[in-house]
Amino acid sequence: MASLGVNIDHIANVRQARRTVEPDPVPMALMAELGGADGITIHLREDRRHIQDRDLTLLGQTVRTRLNLEMAATTEMVEIALREQPDMVTLVPERREEVTTEGGLDVRSQCKSLSSVIDTLQSNDIPVSLFVDPDRNQLEACQQSGARWVELHTGRYAEASWREQPITLARLIEATEQARSMGLRVNAGHGLTYQNVEPIAAIAGMEELNIGHTIVARALCVGLQEAVREMKCLVQNPRRDPLFGSTSS
């Protein structure tokens, strides 16, 4: 049964749109936990477009589940992670011109530098996950890098047409099996919604789904606790066959 990590970046986006103090993502993280979140995910970007350093510090002091810090593999971010000691770091690619993370890390071409970052963090008791596309070559590079986890990028699945979705889903199923056979633990995320999450949650060996935008959007209608509760129900009780996405009897 997969667990649910709630990404609260989009709450900070609303705050930063007016450069003000509200909504504050710190108490909102508590509301997400009260709704059933198994963890809180934030992305501290180099340009600080949404989550700020004070958010990370305060969340580290207040989150009662676990705090997953998404970040680029830069010297500055490594220093921040070592200081703040999140429960996990997920290394992600980052480009200033992108609206959101657009693809997985190219671990193959950066394996040496990433290995150094991973070793530094894990030797300080911070487990590291790598955000990657569901590609065997990338998974092999993840294994070589020393990372213990991968987070599979579900963007292509989320954006696929109904004809293409079974193909992209099959790739994620295969990648999960491959990663686990290499000794890697598997999370997934990006673009998942209330409408498409169940087949991903039903994949054998999937440990956690990190979901943000759709939960925050739903919260505008029903409140954050209820929005998280609804998603948690789908993640923990998926009703769809993970190969074909059809409703089971």
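Think of each number as a place in line: the chain as shown, counted from 1.
Just so it is clear, glycine is given a Cβ too, placed from its N, Cα and C backbone atoms.
For reference, Swiss-Prot has these:
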ACT_SITE  His43  active site, proton acceptor
ACT_SITE  Glu70  active site, proton acceptor
ACT_SITE  His190  active site, proton donor
BINDING   Asn7, Arg18, Gly191, Gly212, His213  3-amino-2-oxopropyl phosphate binding site
BINDING   Asp9, His10, Arg45, His50, Thr100  1-deoxy-D-xylulose 5-phosphate binding site
SITE      Glu151  site 'Transition state stabilizer'
Among Asn7, Arg18, Gly191, Gly212, His213, the record's 3-amino-2-oxopropyl phosphate-binding residues, the widest C-alpha separation in angstrom comes to 25
Just to verify: the residue among His50, His213 with the fewest other Cβ atoms within 10 Å, which of the binding-site residues is it? His213
Which whole-number value in Å describes the distance between the Cα atoms of His43 (active site, proton acceptor) and Glu70 (active site, proton acceptor)? 4
Do you know offhand how many angstrom separate Gly191 (3-amino-2-oxopropyl phosphate binding site) and Glu70 (active site, proton acceptor) by C-alpha? 16
Would you mind reading off the Cα separation of Asn7 (3-amino-2-oxopropyl phosphate binding site) from Arg45 (1-deoxy-D-xylulose 5-phosphate binding site), to the nearest angstrom? 14
Radius 10 Å, atoms counted are CB only; among the recorded positions His43, Arg45, His190, which position scores highest? His190
Subset of recorded positions (His10, Arg18, His50, Glu70, His213) lying within 10 A of His190 (active site, proton donor), CA to CA, in sequence order: His213
State the count of C-beta atoms found within 10 angstroms of the C-beta of Asp9 (1-deoxy-D-xylulose 5-phosphate binding site), not counting that atom itself. 21
Min neighbour Cβ count (10 Å) across recorded positions Glu70, Glu151 flags Glu70
State which of the following binding-site residues has the fewest other Cβ atoms within 10 Å around its Cβ: Gly191, Gly212. Gly191
For Arg18 (3-amino-2-oxopropyl phosphate binding site) and His50 (1-deoxy-D-xylulose 5-phosphate binding site), determine the Cα separation and express it in whole Å. 11
Of Asp9, His10, Arg45, Glu70, Glu151, which recorded positions are close to Gly212 (3-amino-2-oxopropyl phosphate binding site), meaning a Cα within 10 Å of its Cα? Asp9, His10
Measuring CB to CB from His10 (1-deoxy-D-xylulose 5-phosphate binding site), give everything in the same chain under 8 Å that is also at least six residues away in sequence. His50, Gly212, His213, Val216, Ala217
